[in-house]
Every structure is written in structure tokens, then in C-alpha cells.
Amino acid sequence: MDSQQLISDRDIEMLLNDVINLYGYDFTEYSKASLRRRIQRLFSIDKFPAFAEFRYRIKNDPEYFSRFVEEITVNVTEMFRDPSFYQALREEVLPVLATHPFIRIWHAGCSTGEEVYSMAILLHEANLLHKSLLYATDINPTVLEKLRSGIFPLSQMKQYSENYILSGGKDEFSRYYTAKYDRAKFDENLSKGMIVSTHNLVSDRSFNAFQLIVCRNVLIYFDKGLKDKALSLFDESLEKLGFLALGSKENIKFSPIAHKYRQLPDRQKIWRKIE
Amino acid sequence: MAQNRIIPAAALIAIGGSAGSLDVLLKTLPFLEPSHNKAILIILHRKPTDDEVLVELLAFKSAWPVKEAEEGEPILPGHVYVAPPDYHLLIESNRSFSLDASEKINYSRPSIDVSFESAAEVYGPTLVALILSGANTDGTAGMKIVKKRGGTCAAQSPASATTPYMPQHAIKSVQMERVLQPDEIPAYINQLFSGL
């Protein structure tokens, strides 16, 4: 990428304003460093000769705008990412959820859904899946199509299987999918209780009362103001004594909702709503 | 508020390393002289499940406070920050850290290239990027941006490295200000930005 042009802050600001005005997506409160890197990356990959042309294309080609959203929102996810987190869900959270007649879980910013399927496997193994609804939402409709298909690259399964075992999984991980060519299709029983929909954490409102909200590695891309706003949205959407689960480097410590929550032991990024 | 008194580091020394670099760091950190203007950022390739053992190990050997870089945290002078495992570490224009969990770069997360590039954008001429022992090409592309933004690049001498490929590759592609033996690194760091 020797020949890459460097994009200025002013360029990015103008582009983000176009995007709000034309498409209603607001990225202005996203962390700048990461956003800049992803915009720069897309600009280089698609070989635009000048930033003005990149901007013009986004303004005038809605299909290219979809690509823009897909590329600048991070869609990297894994099954059973951070196995000790999933172990804590198995041991500390699911036994509490089991006491409810009906379980509602929201995966906010779920991307292609690997973590939603991981949760479905946990619920299945705890014999809770039949009475659970898993809401899976993301800003980006394209990634949700992948989630709906339940098909993931077979090349990842070795890693996922290791994560699964480290999380306390006792079964053969391969019993949950059928391998075909280079793909793994997950058992449809796992996706029966999934409700998949677009939701924008910047602009959309709370839509249900949940016992568990999982939002991992999404808040790291938000500025402080937007992060607090998203956390308040989660707070409004959680039942009392419900659980909020974040990514391994995310925290509610300095947010307005912090005083209402107590963190689970062992430094897991899971908080319980106590008031 | 106390916030108003936080003055982030005016200069940054970003050190990237992989296989064989830990030893060099452990021999460097004890000899750092106090600094009121520069901070050190260490980006080491490590396993995603790595806990805080590395930070503790470095802290034990270091004359400066050592900690894992946290989301939103301002970069303070006289501190050593370590990129957390399984995240890329970026720097915001107000000289604070931000994290990014996007795809691996050069099979690595954290990637040295990602941090070098981001630091170059913010620190420009007050950035020194130093590349240590390692087995892949991570760091080279980042150093090119460091140069472009007026920063300085240096490398551990490949002959002294347990795994010479990483510094070798960087030296081949980027003009280095210095190629250093491990025992020269503390003095080199100490004199950087001393007039700032």
C-alpha cells in the first residue's frame, strides 16, 4: 500500500455528513482512529484515484453504500470467543435463567451470529433452548443473512471446537453441524428460537425486556457519549436482576448506569442489574 | 476537574516485537531514566488467551509503571503501555488509546503495523518506531507510514536477534536511523526527545 493517499480528518467528517443526510446512518460518534483505518482500507482496496470519487460513489450508489457499511463496521466474530466467558455463562448465568418460565436474550451487534449459535448450544446443553428466544440484531443487513443461513466456514471449526471444549463443552462439537465441501451448516434446531432483525444502537430504541443482553466488542468502536447512550438503552431493556455481558476489554465502570450493576466475580465482563 | 491537569505524553516510542523480543525488553526496561515527556508502547505478538502474566513480568523489571493499555485511557509520560492480547491497539488524536477487534493483520492481533500506522498519524515527528526480533513481516508497512509522517525508525540488529527475519525485513524496506545491539537500546531510548 505504498501509493496510498492519506485521508484527512476533514475528508472523513464530510463523508460522514453525507452518509447521515442521504442514508440516515450516523457514524459521527464512532471512535475516530478505528473508523479512519477502515475507511482508508476500503479506499485503498477499491482503488479510488481520489477521495472525491470515493465520496461521490458512496453518495450516488446505494449498493456501494451497503458495501461501505459492511466494510467499516467490524464484522469479525468467533464461536465461543474467550472460552472463560462462556464458562461463566454456563456456570453463573444459565442456572439463574433456568428459574424463569421463559428466557429472552438479546445479542446486540451480533454480526454474522457465531456468538448467537454459541449461546444456542449452551442453552441446548442446559436443556433450556426450548423455552428461549434469542433476539439477534445488527446495524448491517448483509451480515444477518449469514446468520440466518447458519452456514459458517469449515476451516474455522477446529478453533471453535477447541474454544467449545475450553468453555466446558462435553459433547463432540461436530454433532452440531453437517460438513459439506468447505462449509459447516449448523443444526436447524439451534436457530428455531432466533429472531433476527436490523437494529441500530445509535438511533433505535429499546424493544423488549430481557434477562440477558450480550453485546461484545461493539462499544469499543463508540465514543464515550455514544457508549453511555448504548449502555442506557441496554439498562432500559434489562429486567431487574438481569445480566449484561460485554467484550473482554469493555467496562461499565465510568458510565451513568454503573451504580445499578454488580460485576460477577473472576473479572468476567458480566454484570447483574441490582436495582 | 482533575481531568484538566492530564497532559498526555508529547512523544512516543512504539516498540514492536515477536519471537525472541521479550528477552530484549527485559534487559532494556530496568535502565530507563525518568521522563516527563515520552511514553513507551509495546506491541508484542502473543496468544489470544494470554492473561496479565506478561504485564506483570515486564512491570517487575521496569523502572517505569507498566500496564495494559485500556480503551479511552490517556497516554501519560513516563509510562510503559502494553497492547492487550487479541485486540489491535490504535491511538486517537487526543492521545488516548482505542481498541479494535477487527481481522488479524499479518496473522497477528495485536498487529504491529496497525499500531505503528495509527501512532504515526497522531505523533508524526515525535514518534520513534523500534522493531525487535521476530519471525514475520509485521511492522514494515507501519514503519513506511511512520517515515511518511516524519517519524524515526530503528531496528534491533538482525545478527543479535534470536529470530532475525522481522528486523531484517524492515531494514530492507525502510531507512533506519539506527540498527542497535540489544545493550545499546536503553541508552538510545534515554536520549530520545531529551531536548523536548
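Cβ atoms are placed via backbone N, Cα and C, with glycine included.
Annotated active site per TrEMBL: B:SER18, B:HIS45, B:ASP138, in sequence order. The annotation domain 'CheB-type methylesterase' is assigned in TrEMBL to B:6-196.
Of all the Cβ atoms in the protein chains shown, 24 others lie within 10 Å of the Cβ of B:SER18 (active site). For B:ASP138 (active site) paired with B:SER18 (active site), the C-alpha to C-alpha distance reads 9 Å. Using a 10 Å radius centred on the Cβ of B:ASP138 (active site) and all shown protein chains, the other Cβ atoms total 28.
The Cβ neighbour count for B:HIS45 (active site), using a 10 Å radius and every protein chain shown, is 23. Looking just at the domain 'CheB-type methylesterase' (B:6-196), the mean pLDDT is 95. Between the CA atoms of B:SER18 (active site) and B:HIS45 (active site) there is a gap of 5 Å.
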